[in-house]
Amino acid sequence: METPFAGPWHQFVEDLGQTPCLPGKDLDSILAGWGQLAGTLATRYGFPPPDESVATEDVQLDGLWLRCYTPANATGQEPVGLYFHGGGWVMGGVKEEDGFCRVISRQCQMRLVSVEYRKAPETRYPGALNDGVSAALWAQSRYENQPLVLMGTSAGGNLAFGTALRLIDQDMADKVSGVVALAPITVHPDAVPEHLKEQYTAYEENAELTVNSRAAMQVFFDCYKAPVDDVYTSCLLHPRLLALPKVYIAELGLDTLRDDARLMKGALDTAKVPVMYDAYPGYPHCSFMFPFKSLGEHQRTFLGGVAKAVRWMS
């Protein structure tokens, strides 16, 4: 039987002996499943050591904390990014994506601030979004009012869009130089406009092919408690997308969120927003973060696309 996976991902799945896929029964089972998977990856493959050439500083800010990254040989003229980690608004954190942020800071030659936003279900919407806005304003003051590249993965990509749009709606569009959204959530499945529903099939097609299964995504939305049609969560519906300066989106072809990326690109194109877009057929959600040797070229290509986008926005 022909595999839907790209060759390098297929090699990883064969070696691992399973397709990484979170159970979706409830939040406890998701957290347990993710913990087990992360432990297996660490034991069998190991995660690369952090890049110590990138300097870090932790900052406490009104109940949340931030980690600031500065690449080697920084001059103070580098672009500034604000990064939101993934995890369906309920898990993950700055520490979990520290290595990834160090790579972004070095490869993109940018000063980066990673946000430890509050998680659901303990803090429901709009807690994480409010934290994003607070972090953006803090980063602005720290880095001489330099416009920010708002960046994020998965739910973090959603927060990057939401924070940018909230700033725009608060007459602070000048604080945003662009959005870098990696496999982002852009719309609640129940909020997809009727005329676009035929194009929104990834939740069915990729339900069990990716770490963020269809069932897990439902749990994430249920925990976050954002209204289905809220325009800072279902950002596809926001009436002022045309105010976004520049946007980069990375799509993973076997992701439940594949069509979130595609529909957002279509909406941005209609609004005549400058867009860079990279698609990776045959790869599932966050494939660029998994530590397996066959995925090295995929990871380098993926990060190269991110770096190119940051240069374009700077």
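Keep in mind that glycine also has a Cβ here, set from the backbone N, Cα and C atoms.
Taken verbatim from Swiss-Prot:
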type: ACT_SITE; residues: Ser154; note: active site
type: ACT_SITE; residues: Asp255; note: active site
type: ACT_SITE; residues: His285; note: active site
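A map of Swiss-Prot features onto the structure.
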| residue | record | Cβ within 10 Å |
| --- | --- | --- |
| Ser154 | active site | 28 |
| Asp255 | active site | 26 |
| His285 | active site | 28 |
Here the Cα-Cα span from Asp255 (active site) to His285 (active site), rounded to a whole number of angstrom, reaches 5
Rounded Cα distance, in Å, between His285 (active site) and Ser154 (active site) is 8
